[in-house]
């Protein structure tokens, strides 16, 4: 009879098996996260990005906010800041470590406003970046060991400077959103200020 059931109703049997296994899978995932509903969405997105073989999906507000924005807690000058935060926030590119990353101590809305500031040159051959008008505290992470997760090791650098970002248009919300944090430029240590043209003016 079992053989007849398998041969005549294979799809039904597969669906029943899937339903039986589903609670076990969710129970295992829930033990890793404190707030299941919010974290499950993040976990699904992470798995999708991890397994993706095509182009990386464009960033969303939620993804940028989760990966870049930080709140007061661990001292920003702590030497293991990047190692802990990158693991906690799942900052990876598919199965590889990111070579560099920035964490910013600011509100997402303030970061988004930078997209409408004037253009300035930025590093790594990128021609146009938007620069913050004020100084922002953050941490720069530079990969020092390994290239595949979970063995990524980073050196952490505390910075207080002007944020340079690139932005992209998001059709769903009809506005510019931050795309990439290009740099966090520390001002010269002598007395100076930025004029309206984005040039450092040194005071006598």
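Placed from the backbone N, Cα and C atoms, the Cβ positions cover glycine too.
Per Swiss-Prot, these features apply:
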DISULFID  97-152  disulfide bond
DISULFID  115-167  disulfide bond
DISULFID  122-129  disulfide bond
CARBOHYD  130  N-linked glycosylation site
CARBOHYD  142  N-linked glycosylation site
SIGNAL    1-26  signal peptide
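Feature annotations (Swiss-Prot) mapped to structure.
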residue	record	DSSP (3 states)
97	disulfide bond	strand
115	disulfide bond	helix
122	disulfide bond	coil
129	disulfide bond	strand
142	N-linked glycosylation site	strand
152	disulfide bond	coil
167	disulfide bond	strand
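Using a 10 Å Cα-Cα cut-off around residue 122 (disulfide bond), the recorded positions 97, 130, 152 reduce to 130.
Across the structure, residue 130 (N-linked glycosylation site) and residue 152 (disulfide bond) are spaced 30 Å apart at their Cα atoms. In this structure, the C-alpha atom of residue 97 (disulfide bond) lies 10 angstrom from that of residue 142 (N-linked glycosylation site).
For the pair formed by residue 142 (N-linked glycosylation site) and residue 152 (disulfide bond), distance between Cα atoms is given as 10 Å, rounded to the nearest Å. Separating the Cα atoms of residue 152 (disulfide bond) and residue 129 (disulfide bond) is a whole-number distance of 28 Å. Long-range Cβ contacts of residue 115 (disulfide bond) within its own chain (separation 6+, distance under 8 Å): 130, 165, 167, 176, 177, 178.
A count of other CB atoms within 10 A of each Cβ picks out 130 as the most crowded of the glycosylation sites 130, 142. Counting Cβ atoms from all protein chains shown, residue 122 (disulfide bond) has 19 others lying within 10 Å of its own Cβ. When other Cβ atoms within 10 Å of the Cβ of residue 97 (disulfide bond) are tallied across all protein chains shown, the result is 23. Long-range Cβ contacts of residue 129 (disulfide bond) within its own chain (separation 6+, distance under 8 Å): 119, 120, 121, 122, 164, 165, 166, 182, 183.
A 10 Å cutoff on Cβ-Cβ distances gives residue 152 (disulfide bond) a total of 22 other Cβ atoms nearby, all chains included. In this view, residue 167 (disulfide bond) is surrounded by 21 other Cβ atoms within 10 Å of its Cβ, with every protein chain counted.
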